[in-house]
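J.: Could you have a look at this structure, given as structure tokens, before my questions?
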Amino acid sequence: MNCLYQRDCLRLLDFTTAELKHIITLSEKLKKTKQNRQEIKLLKQKNIALIFEKESTRTRCSFEVAAFDQGANVTYLGPGSTHLGTKESIEDTARVLSRLYDGIQYRGHNHKTIEILAQYSTVPVWNGLTEKFHPTQLIADLLTIKEIFPNRNFSDIKCAYVGDSRNNIGNSLLEAASIVGLNLYLVSPKQYWPEKNLFIECKKIIKKNQGNIICTENISEGVKNADFIYTDVWVSMGEHHKIWKERIELLKNYQVNDSMIKMTNNSKVKILHCLPALHDQKTSIGKSILKKYGLKDGMEITDNIFQKHQKTIFEQAENRLHTIKALLVSSLIKEMNF
């Protein structure tokens, strides 16, 4: 029987090394079948609930297209369209949806909510993003890394994550690196290093997988000889403007720009970004933030670097679809002959 059948995905430490690599391998296969228009609909007569307390582009589209490609039906429950935690308890919502659906995706503010959903649900629950973790993004990132270096072990690859290392991407990247043995440098001011207990937990795991995790404030040390530089936006729209000012001031030297690229000593270094990116002033939010804080050329990444590396960044975005599809198939199909 498929060992991932009926399994939740709340965080990447829910999986063993073999299980996570299986999902990545299945993602590669499903990507090829879609590209070759040979997709087999394995999820016919399956129904999936998509709970979005936070708005989304890539995550929602990826879950919906993945489900449709595989023959499943979805119900989108957007912000304000459920009674979750207000008129109806999270526990009761989980019990009700489990009677109607074969799986539940949740994207919201509080990780505790998805833990309760999973506890009281009798069907798989998948984390589309919480304030603590973003596992589906990191599975896509690992697929992207593997596609770029198909013949290298993760333990032979160095990834430098620059910016806020304690956010959900930083946390999930820490977990991903520990499971597959990626050499990860978290390049941030000390205030933005990961939570201590999570770091210690991942440090223990990565020793078994031949990789390493290092936190440093030193940008040149952190990015030297990196195969990948990964960044993310520094501010969230739900945070107070006072936090923005403090964070931008502390992180402005950690912008991915020409100077940082030179520090890598690697002319072939690749850039990863989970998107959306504040690299120009073509959005109302981007224009407002960059003008308000005197940022002339992007925030976390300059437009020049973003455009040079857009092929990798948008391949990374597309891979959300294929990896989420692999996650759905893995947890909803009992016997897999694929």
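Backbone N, Cα and C define each Cβ position, glycine as well.
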J.: Do you know which of ARG7, ARG320 Swiss-Prot groups with SER56, THR57, ARG58, THR59, ARG107, HIS134, PRO135, THR136, GLN137, CYS274, LEU275 in the carbamoyl phosphate site?
T.: ARG320
J.: In terms of Cα spacing, which of the binding-site residues ARG58, ARG107, PRO135, GLN137, LEU275 are within 10 angstroms of ASP232 (L-ornithine binding site)?
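T.: Those near ASP232 (L-ornithine binding site) - Cα within 10 Å - are LEU275, in sequence order.
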J.: Based on the record's binding annotation for carbamoyl phosphate (SER56, THR57, ARG58, THR59, ARG107, HIS134, PRO135, THR136, GLN137, CYS274, LEU275, ARG320), what whole-number value in Å is the widest Cα to Cα distance?
T.: 16
